[in-house]
């Protein structure tokens, strides 16, 4: 490209400027231009002569923005000449520099050119500033200079790119060590933008991607690491881990072996090679392994992606880990059958519709590749996880080194306290106290000491430590789980005190605060126990059978002639359809006499009308518990289960009631309705939405899960698919038939 063409292109991209007519430069390599635009000079010449322009040919937008902002702030008031740096815009549009990573026509190239123009000329001026063409430097009285000087300039102390890259790398390492892998990958990406030839940065980002189970990106970075430095064993380790994550065990073995050839004593490479060889070794095809082999075919991903039920599983990292584990070791399938998602995928691969064998077949699978897993739900894995890769270490200051040593010493004290906790409380307290003195940024030492005080019965000391842990945790912006743990421990101490002082309100309030921080099942159970204890205490103080009868009479007696949920209780509130008021009076009666099944039955009817099915079901079950011969309890429970579309459970309830009252018409009608619904489902007359809803409910039923986990039933289901003769023999077994009927009804 000749000089004139460069100038024309520069004019079109850069805006209004003027070139002195007496410009003495004609050679491409020495071309210098005197440029003014809106009264500001381009500052790229300055003191950057030591760096050749070829550095910028590989630059991206982030690098250009960083350099331009720095130099604009440093030299915006100086009259400077620019050399070949200004021709960057021209260079990236030409084919003369093959090192530039984007073709001349790409939108990335245009983006870089626009950014240079925007940062250099518009950064300091309002959008409506007048555009003028100048042929000489402006004076101090020029209005454009006053506008530029009044603008907010960037920090002149901004570090050079190398220091910025090191800073981003340090942030990435810190985030990685804290388990924030997404954040770590972002910091490593920033560092790579500033130092694109640093192999350690690619290695660290590969480790972050592997920890996120984003193995395609991890593989790309690992390959880049090896390309930049082929003689580095750590790069081979990254490459092996990425290949193993993608299921390429043979490729992983080759990468690990290459790394060991470079560094034979590397323990991480040895461990990785052992994992890769184990994954490459075929598993025996027997028992659950035979069924697990259905996951090894290439059609697994396409069939899961085509099925609307299993498609969301492809975005769940924990489930993808399960599938890859089963692919590597089919015999591990039994470890995951407690997860309904695994059972759903198994039924898909076996062409088995568990709720209804007569249902129409699934649509043909589409060859859609599975998307990479992004988000995360975390479930415990039975198989030991492979060790996560670690980022490259960085040089640390003496202060940081001392801080790490203190943290390590505090952890040793904590472990010693944990060991003493089982046998010597006083010694455990001493160790936890010493750990707090060494490291006051870890509130777990406080919560551990509070646990010791709780076991010793020193509830005041326990509560005091928990309060300190909550306060310190909030100062440090600690994880919500840690705050919740401290509040839960405090609530436990308060609940124990409440047994003596008969006041559970403070404990209940503390548990509720803990649940707002983190919803933990253990905390929820303790809250429920405290609420139950409070109710029992109130009932003991409030029990009066005579007052209970008065309240029940005020709420109204039930008219037993009406059927199912349309029957009236016979009381004024129920007749007037004022169900909340009726519930209030029934609850008052139960507080005074909690052993009357009729009141539970009446309140269950009100809950049914209000649509509060779980509460109504609980009252109906309590009614049956108090009087198993009271048929109304069975009709209430069966009706609620019927409305919840649990037809098989409702049928069992009605049949249980008929054992005590064989001629009860409500129970007989309930049986008839349930049978009709079940038969309708068996004939395939349900809509797709109803079928999907029933299937989802069935997979959440613990009884269904236990049947599917039963090895005998797994063999039975396999025989139904592959061995009709053996299947006929299974049908003669009453226990097997009952379970098959249970699966069919579900």
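Cβ atoms are placed via backbone N, Cα and C, with glycine included.
All TrEMBL annotations are machine predictions without curation.
Since we're looking at a predicted model, the values are computed, not measured.
Under the heading compositional bias 'Polar residues', TrEMBL lists 133-149.
The feature region 'Disordered' is assigned by TrEMBL to 133-166 (among others).
For 165-198 (among others), the entry in TrEMBL reads repeat 'TPR'.
Residues or ranges marked as repeat 'TPR' in TrEMBL: 233-266 (among others). Under 8 Å from some Cβ of the repeat 'TPR' (233-266) lie the Cβ atoms of residues 199, 203, 206-207, 209-210, 213, 215-216, 218-219, 221-223, 225-226, 272-273, 275-277, 279-280, 324, 327-328, 386, 389, 392, all in the same chain and six or more residues away from its ends.
What TrEMBL lists as domain 'STI1' is 297-336 (among others).
Taken from TrEMBL, the feature region 'Disordered' applies to 353-419 (among others).
Residues or ranges marked as compositional bias 'Pro residues' in TrEMBL: 358-374.
The feature compositional bias 'Acidic residues' is assigned by TrEMBL to 389-399.
What TrEMBL lists as compositional bias 'Basic and acidic residues' is 400-419. Proximity of distant same-chain residues to the compositional bias 'Basic and acidic residues' (400-419), defined by a Cβ-Cβ separation under 8 Å and at least 6 residues beyond the stretch ends, is recorded for 427-432, 434-436, 438-439, 442, 444-445, 448-449, 452.
Per TrEMBL, repeat 'TPR' is recorded for 563-596 (among others).
Marked as repeat 'TPR' by TrEMBL: 597-630 (among others).
The repeat 'TPR' annotation in TrEMBL covers 631-664 (among others).
The domain 'STI1' annotation in TrEMBL covers 701-740 (among others).
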What is the average pLDDT across the repeat 'TPR' (233-266)?
89
Residues in the repeat 'TPR' (165-198) grouped by DSSP into helix, strand and remaining coil:
27 helix, 0 strand, 7 coil
